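First comes the structure, then the notes that go with it.
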Amino acid sequence: MSVSPVAIVSTPVAVSASPAGSPAQHDAPLTVRWRGTEAYQTSFDAMRAFTDARTAETPDEIWIVEHPPVYTLGQAGDPAHLLVADSGVPLVKVDRGGQITYHGPGQIVAYLLLDLRRRKLMVRTLVTRIEEAVIETLAAYNLASVRKAGAPGIYVASGVHGGAKIAALGLKIRNGCSYHGLSLNVKMDLRPFLAINPCGYAGLETVDMASLEVAADWNDVARTLVGRLIANLDGASAAADKPHALEHSND
């Protein structure tokens, strides 16, 4: 599948869909913004404001960010899934679907601000394409992963950590447009996941690429993920923010 070249500029439920490569999707460009390390509330407020201000001509965007430690609880989430009340990690209640999850250093978070009507995408199709992008990203590092029916996200396919969750997904659709997105664990302190039932599942093991013996660079994985998201969403793209915003340490 061909994708338009990426340019660098500066600046801070049915399953049917248009066939991949259709003109309708190529006419919907994507802007990729590398936001660096950013407080969760800042990103949350920004994507809500972006969505509220959208017009029919607003280009779609993907935001790549890393958050300081934070738990987020979906709009229908059960607070009982936070098992340790005094963990020292803040909890933010948000308007996405799903239960509780954790974001922290060493994790890639990708927010997808898309006009689904313009892309002729149904929500279930969008979820499938996001999951496929993550599966393809992990495959690039020789990691086999799978979906689970009724449990959005991506899971290790087999081995000692078979069934463990390595990526989470949660979206909000407002006026036909999506925000929130996915998180992919690269090299994290995984202990905060022990204080929750991840995504509402008691005892669910959470892993990162490092615990699967893949010494991957955060930047490299982020670039691979962006490429696979663009390919699966089939949009022309322009990457935003200065290249130095991509600098990241896995230490």
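Here, residue 1 is simply the first one shown, and the rest follow in order.
The backbone N, Cα and C atoms fix where each Cβ goes, glycine too.
Per Swiss-Prot, active site, acyl-thioester intermediate is recorded for C199. The substrate binding site annotation in Swiss-Prot covers R96, G97, G98, Q99, I100, T101, Y102, H103, A168, L169, G170, G181, L182, S183. What Swiss-Prot records for 56-241 is domain 'BPL/LPL catalytic', and it gives sequence analysis as the kind of evidence. Annotation source Swiss-Prot lists site 'Lowers pKa of active site Cys' at K165.
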Original post:
Is any of the binding-site residues R96, Y102, L182 within 10 Å of C199 (active site, acyl-thioester intermediate) (Cα-Cα), and if so, which, in sequence order?
Top reply: Y102
Original post:
What three-state secondary structure does DSSP assign to A168 (substrate binding site)?
Top reply: strand
Original post:
Name the residues of the same chain, 6+ apart in sequence, whose Cβ is under 8 Å from the Cβ of A168 (substrate binding site)?
Top reply: G98, T101, P152, G153, L182, S183, P198, C199
**OP:** Quick one: give me the count of other CB atoms within 10 A of the CB of G170 (substrate binding site).
**Re:** 23
Original post:
What's the CA to CA span in angstrom from Y102 (substrate binding site) over to K165 (site 'Lowers pKa of active site Cys')?
Top reply: 12
Subject >> Between R96 (substrate binding site) and K165 (site 'Lowers pKa of active site Cys'), the C-alpha gap once rounded to whole angstrom >> reply: 19
Subject >> Three-state secondary structure, the residue listed as 'active site, acyl-thioester intermediate' (per DSSP) >> reply: helix
Original post:
So what pLDDT does the domain 'BPL/LPL catalytic' (56-241) average out to?
Top reply: 92
**OP:** Look up G98 (substrate binding site) in the DSSP assignment and report helix, strand or coil.
**Re:** coil
**OP:** With an 8 Å cut-off on Cβ-Cβ distance and a minimum sequence separation of at least 6, pull the same-chain contacts of K165 (site 'Lowers pKa of active site Cys'), or say none.
**Re:** G153, I154, Y155, V156, P198, C199, L204, E205, T206, V207
Original post:
Roughly how wide, in whole Å, is the group R96, G97, G98, Q99, I100, T101, Y102, H103, A168, L169, G170, G181, L182, S183 that binds substrate, by largest Cα to Cα distance?
Top reply: 16
